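Straight out of TrEMBL:
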- 6-244: domain 'Carbohydrate kinase FGGY N-terminal' (DOMAIN)
- Ala12, Ser13, Ser14, Gly15, Arg16, Thr259, Gln304, Gly403: ATP binding site (BINDING)
- Ala80, His237, Asp238, Thr239, Asn296: substrate binding site (BINDING)
- Asp238: active site, proton acceptor (ACT_SITE)
- 254-442: domain 'Carbohydrate kinase FGGY C-terminal' (DOMAIN)
- Cys354-Cys371: disulfide bond (DISULFID)
Amino acid sequence: MNQSCLAVDIGASSGRVMLGQLANDQLQLDEIHRFNNKMVEKKGHFCWDIDTLFLEVKAGLKKCREFENKPVSIGIDTWAVDFVLLDENDQLITDAVAYRDPRTDGMMEEVTEIIKKERLYLDTGIQFQKFNTIYQLYALKKQQPELLEKAKTFLMIPDYFHFLLTGKKANEYTNATTTQLVNAFTKKWDKELIDALGLPFDIFQPIILPKEKLGSLKEELVEELGFSLDVYVPATHDTGSAVLAVPENNETIYISSGTWSLIGIENSFPICITKALDYNFTNEGGVDYRFRFLKNIMGLWMIQEVKRLYDDAYSFAKLVQLSKQHSSFTSIVNVDDQRFLKPDDMIKEIQAYCKETNQQVPHEPGEVAKCVFDSLAESYQKAIVEIEEMIEKEYETIHVIGGGSQNEQLNQLIADKTKKIVCAGPVEATAIGNVVAQLMALRELNEIADARKVIANSFELKRYHAMTSVEEGME
Ligand SMILES: Nc1ncnc2c1ncn2[C@@H]1O[C@H](COP(=O)(O)OP(=O)(O)O)[C@@H](O)[C@H]1O
Ligand SMILES: C[C@H](O)[C@H](O)[C@@H](O)C(=O)COP(=O)(O)O
Ligand SMILES: [Mg+2]
């Protein structure tokens with residue numbers, strides 16, 4: 001019987017504990033536990049409820065107690081950039097403040113007065129997002145210097161969960177690159193940059209690579225659960241695991257479609273050219289030191305907020321269905337305008353934007369949904385034009401992975417707008433990539449190319465082509 005492993009994928013909107021193993025040259029993935037995730041307000045900041053999230057992880061582990069063939073390992077991945085600080089007794093001294101919190105307002109501007117944007121980009125290759133860890137730490141230095149002085153350990157969210165499991169402290173590489181404090185060429189913490197910002201270099205931990213073993217469950221956890229597990233770190237940046245699971249070995253564009261839409265390509269070296277800086281593309285670290293040359297697009301966060309504002313009266317599937325009933329509604333918003341990062345009321349923000357740009361204002365839920373999906377597709381098309389201009393290559397396919405790959409309307413819109421073949425799935429790409437990294441560590445899988453063939457052979461993929469005007473007429 002092949003070894004099985006547990007992948008814990010916690011995105012900004014939901015988390016899941018998945019059991020993965022190889023069977024007859026296919027990857028079997030079973031959902032053990034699923035839970036919601038959302039920001040909560042704590043002491044005037046938007047935070048993640050990491051205590052509850054860890055209880056949910058343990059709830060998933062406890063469901064494995066009765067398994068005859070128990071998993072042998074576990075790995076956890078989450079969203080990027082966010083972190084906690086520990087004191088000399090390994091106790092939390094900060095909340096897990098969320099990247100949408102306004103504490104970083106103005107920080108990027110201050111930091112790039114000290115370190116010019118061009119230098120920061122040439123050294124790290126990382127996009128300029130106001131919520132990057134570098135700006136969060138700089139905000140802490142200015143707003144709560146006493147916390148930074150007391151800090152002995154910096155752990156990103158998945159690092160912290162791995163620490164709770166094993167007692168071991170390390171920063172995993174793919175997620176560490178999203179801090180904008182790792183040098184893209186040395187692959188190490190950039191001490192010159194950290195010192196220049198007056199941040200304490202010694203809090204950063206040794207960088208561990210995907211597939212490396214961090215440790216095993218702490219004794220008290222083994223007693224609580226009744227079994228042990230080894231921790232092999234996956235690409236703990238969720239998008240790093242998702243990209244590993246793109247079911248394609250030929251060069252392709254991918255869209256990791258969840259709360260965020262991460263659109264890009266995989267590359268063997270960082271692309272830090274001026275155009276990439278101007279277009280705000282990033283070079284996040286991947287498995288086996290590959291690079292994820294991609295761009296953050298606001299993503300399905302917008303429809304998540306719309307759904308919440310309608311008091312969850314409509315499911316995501318219902319909102320997609322309603323959007324189809326408004327084919328004549330064509331207003332578009334610039335989804336990457338920072339006004340959509342954390343508005344009080346997303347629907348009102350979209351309506352205001354349409355009014356300001358003299359476009360038809362959406363009122364019906366279907367009109368609002370259509371505006372979101374059309375606008376996302378528009379932003380994807382713009383990013384693809386930028387990618388093809390910089391790489392000087394025309395791509396035939398776009399692989400849409402993640403929860404958003406279930407949005408058939410959006411998949412068709414992407415195909416129609418880009419005139420490319422859209423291949424949708426797997427839905428749980430991130431968890432699959434997490435499993436694959438562990439199975440590679442356990443020598444159940446060898447190379448990434450082999451893993452991608454297995455993934456393509458294991459999960460349903462749906463293809464979309466640009467509709468001709470005749471087909472559109474038949475819609
Ligand atoms: N049945 C569905 N139809 C259309 N879209 C869906 C469906 N289920 C989920 N989604 C989309 O998937 C998104 C969640 O994707 P997921 O990858 O789980 O996000 P994250 O990892 O950021 O929490 C939702 O915001 C929603 O837009
Ligand atoms: C804030 C980051 O850009 C964000 O974490 C992004 O990198 C990401 O991975 C989002 O993942 P979701 O699954 O929450 O969309
Ligand atoms: Mg996700």
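Using the three backbone atoms N, Cα and C, a Cβ is placed for every residue, glycine included.
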Looking only at Ala12, Ser13, Ser14, Gly15, Arg16, Thr259, Gln304, Gly403, the residues listed as binding ATP, what is the longest Cα to Cα distance in Å?
18
Count, for each of the binding-site residues Ser14, Thr239, the other C-beta atoms lying within 10 angstroms of its own C-beta, and report the residue with the smallest count.
Ser14
Please check each of the recorded positions Gly15, Ala80, His237, Thr239, Asn296, Cys354 and report the ones with a CB atom less than 6 Å from an atom of ligand 1, ordered along the sequence.
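Near the molecule: none at all.
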Quiz question: given the recorded positions Ser13, Asp238, Gln304, Cys371, Gly403, which has the greatest number of C-beta atoms lying within 10 angstroms of its own C-beta?
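Answer returned by the neighbour count: Asp238.
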Using a 10 Å cut-off, grab the number of neighbouring Cβ atoms around the Cβ of Ala12 (ATP binding site), all chains included.
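By my count, 23.
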Cα-Cα separation of Ser13 (ATP binding site) and Ala80 (substrate binding site), in Å?
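Ser13 (ATP binding site) and Ala80 (substrate binding site) have their Cα atoms 13 Å apart.
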Rounding to the nearest whole angstrom, report the longest C-alpha distance spanning Ala80, His237, Asp238, Thr239, Asn296, listed for substrate.
14
Name the one residue among Ala80, Asp238, Thr239, Asn296, Cys354 whose Cα is closest in three-dimensional space to that of Arg16 (ATP binding site); these are the recorded positions.
Asp238
Between Gly403 (ATP binding site) and Ala80 (substrate binding site), how many Å separate their Cα atoms?
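Gly403 (ATP binding site) and Ala80 (substrate binding site) have their Cα atoms 17 Å apart.
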